[in-house]
């Protein structure tokens with residue numbers, strides 16, 4: 001059979017359709033190649049592979065080391081500040097500088113980590129740098145007096161420089177220890193599937209409580225009269241060596257736990273560009289170190305102005321979550337920062353302003369010691385409750401866990417204020433751990449839920465329209481915004497509670513305020529915080 005030219009032409013589609021068909025065929029081949037690599041829609045979000053529990057525990061070791069150092073600070077920072085002769089007027093300044101800096105700079109660091117192009121990953125360079133600053137701050141406030149005595153011979157200048165160095169150390173440590181939580185959480189969210197995120201957050205809470213308990217127990221020992229204490233000079237130097245070793249080991253294990261995918265620059269990244277039409281954006285497929293691929297969206301680096309705009313224009317459910325986190329931490333810190341003083345003055349009826357050799361002052365010191373054991377009970381309870389949370393979650397959900405945490409803390413602190421007895425107060429310290437575990441897990445679980453919902457919604461849009469421009473916020477800035485509420489709570493507590501105590505003439509007002517704020521938070525988390533079905 002012979003085909004004429006007309007027959008052959010009639011069998012072909014019009015030139016325009018032929019071009020479109022060719023483009024569609026080319027797109028189809030590209031998409032099929034990508035699907036063979038990713039196992040599905042190349043524009044969809046690829047779920048990371050399941051991580052072994054051992055890796056998640058290794059990742060959580062940073063929280064153990066951080067909380068161990070926090071406990072050492074809580075146990076020794078007041079004696080250190082008193083020993084260098086810090087004037088009372090500067091106490092509030094020491095506790096306010098760090099949260100103010102954190103509140104201003106935390107979102108900036110979170111956004112910067114979202115765009116970090118280090119070959120080691122987006123989060124780990126920041127975690128390492130903040131870990132170094134924690135060690136430097138701890139070295140300064142625990143060894144500042146000894147360093148100044150060795151470096152400055154004039155005794156008249158030694159006291160001034162000892163105060164400056166010690167204050168600098170406290171501020172630097174608090175600044176870095178508060179900051180490091182955001183990148184650690186963002187690191188977990190980046191490398192884990194949704195189920196592993198929940199599991200990892202529970203391990204974080206577990207090891208946070210364990211680190212606090214170990215830190216308080218270590219601080220309660222009499223290191224000054226030990227062989228090591230006599231060799232190094234004082235118990236402060238012993239605690240620095242122990243805390244530094246614990247933190248370095250935990251930080252190293254954390255940084256080696258899960259490989260992190262580097263976010264490469266557009267100029268150096270190997271891309272597969274998919275041109276959809278004349279007005280469409282370009283996207284790329286990013287190779288991930290642990291064997292899966294995920295879409296990399298077109299994203300601009302934030303300026304401070306854009307960053308503030310993104311924070312102010314965040315969706316209402318993010319804003320409500322931040323407010324609830326602020327309320328929770330305000331209640332928790334109100335109680336925890338004044339708890340040992342409450343035990344010494346209200347429960348034991350001691351007097352911190354009495355002569356140091358008087359019965360009233362020694363009674364106050366005994367109350368402070370027992371208060372430290374209450375803090376240890378809080379840490380152990382927090383660790384244990386993190387496991388109970390996993391069992392309760394399928395039955396009451398995140399809303400139930402969030403509500404119960406605030407409710408039990410509010411009731412517990414209320415009873416302590418009404419019935420300030422030794423054994424009942426120590427027993428109710430276990431409810432502090434419920435609140436602590438709740439604050440460390442539930443809000444970040446909700447952030448993960450929100451991001452997962454947005455990813456699912458984005459996948460539907462991408463499958464219909466191709467790759468589009470990603471929103472300005474990332475996981476880093478959302479975690480940073482949430483962590484900022486801790487600093488803001490510290491500012492509120494530092495400014496407001498001192499004034500309330502002076503006005504009321506008793507620290508019992510602190511416990512009552514903590515209870516009232518927590519119970520108010522119950523209503524807020526029940527009616528205003530959004531939960532993903």
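Count begins at 1; order follows the chain as displayed.
Using N, Cα and C of the backbone, Cβ positions are placed for all residues, glycine too.
In TrEMBL, annotation is done automatically, which means it is predicted and not curated.
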Q.
Under TrEMBL, the annotation transmembrane segment belongs to which of these stretches: 68-86, 182-200, 277-295?
A. 68-86
Q) How about the transmembrane segment (201-218) and the transmembrane segment (162-180): do they have 3 or more C-beta pairs under 8 A, pairs 6 or more apart in sequence? A) no
**Q.** Interface present between the transmembrane segment (507-529) and the transmembrane segment (125-142) (three or more C-beta pairs under 8 A)
**A.** no
(Q) Take the C-beta pairs under 8 A between the transmembrane segment (326-348) and each of 162-180, 238-258, 400-419, 479-501. Which stretch has the highest count? (A) 479-501
Q: Could you tell me whether the transmembrane segment (479-501) and the transmembrane segment (92-113) have 3+ CB pairs under 8 A, leaving out pairs under 6 positions apart?
A: yes
**Q.** Beyond the flanks of the transmembrane segment (507-529) by at least 6 residues, Cβ under 8 Å
**A.** 317, 320-321, 323-324, 327-328, 330-332, 334-335, 338, 341-342, 345-346, 399, 402-403, 406-407, 409-411, 413-414, 416-417, 420, 435, 446, 497, 500-501
